[in-house]
Amino acid sequence: IVFGHIGDKVGRKKALVATILIVGLGTFCIGLLPTYEKIGIWAPVLLIAIRLLQGFGVGGEQAGAVLMTAQYSQASRRGFFASWVQIGAPVGFLLPLALFAILNATLSAEQMMDWGWRVPFLLSALLVIVGLFIRLRIDESPVFAAIRETKAAESRPLKEVLRGNPKLVVNGVAAKLIEACAFALFTVIILAWGKANNLDSGILMNSMIVAVILEVFAIPVMGALSDKIGRKPVYMMGALLIVISIVPFFYALSQNSYWLTQIAMIVALTLGHSMCYAPQASWFPELFPTHIRCSGIAVIWQIGSLIGSGVLGLVAVKILQMTDGHWYGLALYVAVLGVISVIGLLRLPETAPGRRNGEYHPWQQH
């Protein structure tokens with residue numbers, strides 16, 4: 001939210017450069033941290049401080065990245081091009097798994113514990129350098145540059161978002177809930193649930209990895225589809241698919257069968273989640289006028305993520321305790337969030353060019 005405010009005040013490019021430096025330096029510094037044996041309690045204190053700093057940077061990263069991409073994209077294909085930013089989530093999930101798999105295969109357990117775990121964090125510096133080089137060479141967003149030249153930039157963008165567009169914010173946050181919850185549930189919480197129910201962790205992990213790999217390819221397809229039939233229909237189909245499939249999803253996984261688990265993961269994660277996630281990159285920016293666009297996206301994204309996935313771990317633990325590890329509690333929780341998201345989606349305007357049907361579309365007006 002802070003970087004959304006900065007993006008509307010001083011520019012999207014400056015905000016993006018700041019976020020990649022904060023996140024990148026934080027990740028690299030984790031690889032350099034002294035151990036508890038060397039500095040005692042300061043080791044976990046420093047780790048927590050760095051992680052908080054990373055979280056602060058990551059909070060501004062997604063909104064700025066999708067906004068810059070969307071505003072440089074051709075209007076008729078904005079859904080497709082902006083959706084490529086969303087590929088970062090599944091790729092970011094897969095890269096550490098691949099790297100740690102290589103390290104585990106080449107290093108002994110003692111080497112891994114001693115210094116091997118530091119390698120992924122230190123190698124992240126390469127990605128940061130490449131990313132920083134690209135961002136420094138990109139010009140400021142054309143639409144933001146235009147309002148800055150006319151001195152039309154909003155002095156208090158966050159205040160205008162919250163006071164001037166409360167219904168839009170509430171409905172946007174509601175729409176975000178099911179997507180944020182789904183990815184956290186299908187990639188993290190499900191492993192804890194499987195362990196509590198003595199399911200084969202190999203089946204769960206392998207089917208999840210395959211589903212995430214397929215989602216890398218599904219996201220741009222769903223983004224392109226949102227250009228053809230609209231952001232809202234694609235998003236709505238994804239939300240409904242997650243809600244409708246959640247009971248069969250858990251039932252399939254409880255059978256401890258690889259193929260049933262794989263099919264369930266593909267339906268819920270590859271298809272359901274990508275249908276929600278891909279249109280966000282173009283739809284959320286299109287909901288707000290230029291002078292408050294970065295702040296608007298950030299508010300929806302961060303509050304929706306906090307409620308949808310940030311508290312999911314605590315909620316899931318409590319639900320599993322109350323239901324003795326049974327899946328129906330989690331399924332009910334997802335279904336409730338899904339219904340809330342559907343209500344929010346119904347109240348949001350369509351923004352895809354050629355699909356607006358006379359509804360409010362600030363992208364055209366600003």
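Here the Cβ of each residue, glycine as well, is placed from N, Cα and C on the backbone.
Any TrEMBL annotation is an automated prediction that lacks curation.
Taken as a whole, the domain 'Major facilitator superfamily (MFS) profile' (1-356) shows an average pLDDT of 86 in this prediction. The annotation domain 'Major facilitator superfamily (MFS) profile' is assigned in TrEMBL to 1-356.
Among the features that TrEMBL reports, transmembrane segment is placed at 15-33 (among others).
Feature annotation from TrEMBL assigns transmembrane segment to 39-59 (among others). Outside the transmembrane segment (39-59) by six or more residues, the chain places 1-3, 18-23, 26-27, 29-30, 33, 298, 302 with a CB less than 8 A from a CB of the stretch.
Through the fold, the transmembrane segment (80-103) approaches residues 62, 65-66, 69-70, 72-74, 112, 116-117, 119-120, 123, 183, 187, 209, 212-213, 215-216, 219-220, 222-224, 226-227, 277-282, 285 of its own chain, all at least 6 residues removed from its boundaries and within a Cβ separation under 8 Å. Taken from TrEMBL, the feature transmembrane segment applies to 80-103 (among others).
Residues annotated as transmembrane segment in TrEMBL: 115-134 (among others). Here the transmembrane segment (115-134) has Cβ contacts under 8 Å with residues 17, 20-21, 23-25, 27-28, 30-32, 96, 99-100, 103, 107 of the same chain, all six or more residues outside its ends.
Under the heading transmembrane segment, TrEMBL lists 168-191 (among others).
Here TrEMBL flags 203-222 (among others) as transmembrane segment. Sequence-distant neighbours of the transmembrane segment (203-222) (same chain, 6+ residues past either end, Cβ-Cβ under 8 Å): 80, 83-84, 86-87, 90-91, 93-94, 97, 186-187, 190-191, 194, 234, 238, 253, 256-258, 261-262, 264-266, 269-271, 273-275, 277-279.
Positions annotated as transmembrane segment by TrEMBL: 234-253 (among others).
The transmembrane segment annotation in TrEMBL covers 259-278 (among others).
Annotated transmembrane segment per TrEMBL: 299-320 (among others), in sequence order.
Tertiary neighbourhood of the transmembrane segment (326-346): same-chain residues 170-179, 181-182, 185, 189, 193, 197, 232, 235-236, 239-240, 242-243, 246-247, 249-251, 253-254, 308, 315-316, 319-320, selected by CB-CB distance under 8 Å and a gap of 6+ residues from either end. What TrEMBL lists as transmembrane segment is 326-346 (among others).
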Long-range Cβ neighbours of the transmembrane segment (299-320) (under 8 Å; 6 or more residues past either end): 1, 4, 59, 62-63, 158, 161-162, 169, 172-181, 183-185, 188-189, 192-193, 196, 280, 284, 287, 326, 329-330, 333, 337
